[in-house]
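First comes the structure, then the notes that go with it.
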Amino acid sequence: MDESRVIGSFVVWDYVVFAGMLLISAVIGIYYAFAGGGQQTSKDFLMGGRSMTAVPVALSLTASFMSAVTVLGTPAEVYRFGAMFSIFGITYFFVVVISAEVFLPVFYRLGITSTYEVRDSVYRNCYLCPCSGFESRSLYINLVGLWVILTCSVFCGLSLYSRYHDCDPWTSKKVSEVDQLMPYLVLDILRNYPGVPGLFVACAYSGTLSTVSSSINALAAVTVEDLIKPYFKSLSEKSLSWISQGMSVLYGALCIGMAAVASLMGALLQAALSIFGMVGGPLLGLFSLGILVPFANSIKNHVLSYKSHPVEDGGTDNPAFNHIELNATDHSSKINGTRL
């Protein structure tokens, strides 16, 4: 690699393109917040009024999965360890199929905002309901988008290796973190094209915005449904809508604060996958147990329990034994205050 090549800096047009992306995103959000009378209820704000078709939902899911981790972390991972990261495409297939055929029909039929609103008594009824196809169609369209994004990210990593295999910018201290390799490549190759580096940074930020917005929306939904509605039942839907928007602003501010902490977490992709593994594994087990193992809910409700051994009807001198109640499935027999 020619040593005279240095990382270019942003010019005016780069800042214009980047600011334009942020402005357009803000205008779209403001327009849909007030168009057609605005978002009158919390369902309108959190769920879009449940009026979107399969394609917009699929595109939203694809944009949510395409985060800065994908744009920056995946190419760097392929650059260092090779294209075996593309095996993730196989796992995407199984994840989408299982989600579309097992989990999504249950949650969609319940008509809930948060998955934590489920009741064990309705799991079996909803699981037996036939699926109309709308729910699963969104996920299958999303699968195609995930494959396209993964393929592009892997090829970006291979392009990094093709250009810098003889002079690694990371080991030569031209970048401080391996996740900076992709921006380095863009600024290196396209430094003579004003506005194009800004367009790349805008794409990286747009991926971040889509993921963060979905996370903030989910946090606001859980807060309103699980912490506010049960204790403030007199609130109107209009008030809940304003509270949901306020919670989104609050969580957005917290995310900005956490961005400074994220810089201390090392490799971007490794940190993201580690956190997801720690949290996602137990949650997957929890909901899989509730949906796929029906008798687990019976244990939770104390319907199943060990029967006590039979005793003689002779009474006892110890008054403590005259008030023992055992939670058994057969409540028909009682002996001296002891229920079997």
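Each Cβ is built from the backbone N, Cα and C atoms, and glycine gets one as well.
Over in TrEMBL, the protein carries these features:
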type	residues	note
TRANSMEM	12-34	transmembrane segment
TRANSMEM	54-73	transmembrane segment
TRANSMEM	85-108	transmembrane segment
TRANSMEM	140-161	transmembrane segment
TRANSMEM	248-269	transmembrane segment
TRANSMEM	275-296	transmembrane segment
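The stretch in 12-34, 85-108, 140-161, 275-296 that contributes the largest number of Cβ pairs under 8 Å to the transmembrane segment (54-73) is 140-161.
Counted as Cβ pairs under 8 Å, contacts with the transmembrane segment (85-108) are highest for 140-161 among 12-34, 140-161, 275-296. When Cβ-Cβ distances below 8 Å are used as the criterion, the transmembrane segment (140-161) is approached by residues 54-55, 58-59, 61-62, 65-66, 70-71, 74-79, 83, 85-86, 88-89, 92-93, 96, 100, 181-182, 185 of the same chain, each at least six residues removed from its ends.
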